[in-house]
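**Q** Sending over a structure as structure tokens; questions will come in a sec.
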Amino acid sequence: MNDTKDNKVYSSARHSKYWQKLKAAAESKWSLAALFAQDNTRTQRFSAQSGALYMDYSKQCLDDTVLESLLNLANSCELSARIQALLQGAMVNTSEERAALHTALRLPTTANLQLDNQDVVADVHQSLGQVERLSERVRSGTWRGFSGKAITDVVNIGVGGSDLGPLMATTALDEWADTCVEVHFVSNMDGTQLDNLLKHLNPETTLFIISSKSFGTIDTLSNAKTALSWLLATAKLRAGTEDSVLRRHFIGISANSEKMSAWGIHPEHQLQLWEWVGGRFSLWSAIGLAIAIRIGMSGFKELLAGAHSMDEHFAQADFAENLPVLLGLIAVWNSTFLQVNAHTVLPYDGRLSYLPSYLTQLEMESNGKSVTQHGDRIDYDTCPILWGEIGSNAQHAFYQLLHQGTQQVSCDFIACVRRYSDKAKNTPLQQQHELSLANCLAQSRVLAFGNAAIAETDSQIACDADKYKYYRGNQPSTTLLIDELTPHSLGALIALYEHKVYVMASIWDINPFDQWGVEMGKQMAESVHDAMQQEGNAPFDTSTNQLLKHIKQLS
């Protein structure tokens with residue numbers, strides 16, 4: 001279906017009677033301890049499952065009446081129609097007049113989707129075929145560097161969505177790696193990452209992937225330029241040419257083939273993106289080449305299949321059982337109505353170490369907006385500040401604030417039920433995994449119930465008169481349990497959060513697919529950089545001018 005010209009104006013949740021009901025409900029003094037005491041079926045009713053993902057949201061500060069109002073709020077803004085518009089290629093990115101078809105990147109070959117008279121599914125699978133061919137050449141050792149040696153290391157140069165997604169996924173799925181080719185990631189513009197990495201790599205056996213949708217991102221291109229210089233310095237000593245270095249040591253991934261060619265990427269090593277793929281939603285595309293190299297194309301296809309299964313759940317499940325809808329509505333309830341303006345993601349699994357950073361970009365860059373799609377200034381809270389860390393590490397870092405600070409913070413606990421199943425039972429590794437699961441459940445319990453959670457097991461601590469030992473509880477949280485971390489379940493988990501973002505944006509009536517807030521800083525950086533190269537006074541504010549003067553004096 002081609003619906004890009006559909007400029008439908010949807011009903012606004014802001015003007016719904018359910019918005020006012022939720023505002024009134026938010027004035028109540030919510031007590032999680034009381035909610036659980038009043039209803040022994042609460043957990044069964046306030047939980048849902050899709051495939052390998054089980055979600056318990058019973059520790060959120062809401063009841064049946066609030067949940068019903070949230071579901072009605074979703075209907076009031078025509079969320080079902082908005083979901084179909086997203087999936088069918090409507091112009092949901094209104095400011096840039098584009099579709100946002102990241103879900104098309106994981107459609108099976110049997111699907112049918114047309115956009116501007118172009119067969120999207122055929123184009124996607126043609127690109128996946130190219131990803132498979134290039135990745136297998138690297139994995140099999142048939143891709144050779146300028147000196148004829150097989151590639152041993154691949155460096156993905158990108159930033160934002162061109163870095164965080166592949167980095168997060170390859171780290172999470174590293175135990176599925178079935179190749180001796182190592183994959184590395186470089187994003188920092190100051191060169192520190194790249195400089196430290198190159199000291200340990202062999203120029204003759206290193207392949208670089210330059211990932212940039214525009215192929216104009218200064219962070220990425222400055223690192224790519226340094227990488228090329230490093231390669232050429234060695235190639236000249238080995239009678240290699242610049243052409244052989246560019247042909248054998250660089251792959252480009254971008255929506256701008258002209259810029260790739262101008263930089264020197266050979267056409268057969270260019271992978272195309274589409275304008276309807278946003279950077280933070282792009283790991284399913286050719287941007288995922290590094291993932292395919294590391295875990296193989298079969299694993300990458302399983303990642304796509306897992307995401308597609310969540311797409312189908314999102315499109316078909318009743319809202320009351322729909323994980324992305326529920327997760328998004330709860331986030332709106334917390335941020336907009338309860339004014340819980342901080343949210344933390346706490347995976348109790350070291351393989352998910354980069355998930356919090358990935359979700360920080362996904363949510364804050366998507367929904368950190370203060371203007372509606374129609375240009376109206378927003379008078380309600382939207383996206384909360386989001387951060388996170390591996391749960392066991394966070395316990396020794398910022399859990400003190402969660403338990404006894406003055407800020408209310410909502411939490412997502414994430415854990416994998418099965419791990420080390422290939423080991424004999426009760427091994428030290430399995431014991432460690434059980435300990436991690438126990439900590440996950442324990443922390444969510446104490447955050448919810450505070451001292452009341454301890455009273456049942458240690459009355460002395462619970463009744464201690466020392467106020468500095470008091471746990472107030474009542475911190476809202478959701479717990480996501482994954483049967484087992486696999487490419488399929490990881491794909492479903494990531495898609496769950498993608499769709500959560502869209503649900504929130506639909507309620508808030510904002511565009512989650514642009515990021516105009518990052519543009520002015522880039523433009524100003526160019527002006528500041530020019531001023532660094534010039535003599536005399538800079539034309540900025542006194543603070544910036546003084547800082548520039550100090551830098552010049554020390555340079």
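Just so you know, glycine gets a Cβ as well, placed from its N, Cα and C.
Pulled these from Swiss-Prot:
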- Glu365: active site, proton donor (ACT_SITE)
- His396: active site (ACT_SITE)
- Lys522: active site (ACT_SITE)
**Q** Taking every protein chain in this structure into account, which of the active-site residues His396, Lys522 has the most other Cβ atoms within 10 Å of its Cβ?
**A** Lys522
**Q** Cβ distance under 8 Å to Glu365 (active site, proton donor), same chain, sequence separation 6 or more: which residues?
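**A** When sequence neighbours closer than 6 are ignored, Glu365 (active site, proton donor) has Gly160, Arg280, Gln515, Gly517, Val518 within Cβ distance under 8 Å.
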**Q** How far is it from Lys522 (active site) to His396 (active site), counting Cα to Cα, in Å?
**A** 36
**Q** Look up His396 (active site) in the DSSP assignment and reduce it to helix, strand or coil.
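**A** The three-state answer is coil.
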**Q** Three states by DSSP: which one describes Glu365 (active site, proton donor)?
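**A** In the DSSP reduction, Glu365 (active site, proton donor) maps to helix.
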